[in-house]
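Worksheet for the structure shown next.
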């Protein structure tokens, strides 16, 4: 007070204001400085948060991972301490899914509750093959199930992009809640030598699905697809045989090599027991989609939600389509690239190819304990 009184007495203008007004002026100035500092620090925090979000850090925490039991170098510990809010959200979502399943036709294509909540996990199940066997149809049928969350495109992580690391791979996955499973499909995994070891390093508990089809018709379908992209391609017989006179099969041609299922399966059985693999018949997926889907759902530990009520046979395309979902103007069928008409292949060529595959098919039947009836 002595200092304030001195200042007031030394200035006539301040003398008129009085000490109380002088203190008020000082306090007001102090509050303005505090307000400006608060705004300044708030802006710093806001810009820092935006910077980290734009660079993808916001989505990375927390990051729980599926495989708690694996002791491999890429293991990440599951965060059991889920927040109370996440638990409440899951419980509400679970009740909603159960109520919807009572009257849903399964065409909701994974209700988007889990797009905002849940966590990204490594896939507990992978469709690993085979190309042109019916893998796309199987994935689309599975996506009807409310407890299946799947990547739409093929990640090709275990054959092409493994050097990007497991964090990159997991970030591709959709978010899932407790009780849902994460899936992906990349048919080329089945024939990739390094893929079994790499999948095993991620999780030895991964469930593997292989969709197989008569290797001869599969090879012709494979050739047909390539022909649409490269119209100047040599004939099927010129590519299938090293020498058309002797009938020696060219096993280096991928369309032929993929169909030697027994050889590729041996590679996977070095890392996974047979109980971890399910072999789906590509033919039965066309003639009895509900029956094969029942086997798949059982293998995945899912309730049999996808049944015969979801399918009808499209005579034009020659394979089953999903019935019209609610709110949609047309049924869901696979794209134009599926069900292409095959070129005419000489019967002698097909006969020689069947003779080539026969011993491999018999070995495959023995290995899997299932006769697919291709001979």
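The backbone N, Cα and C atoms fix where each Cβ goes, and this holds for glycine too.
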Transmembrane segment per TrEMBL - which of 37-57, 58-78: 37-57
Recorded positions compared (132, 136) - the one with the fewest other Cβ atoms within 10 Å: 136
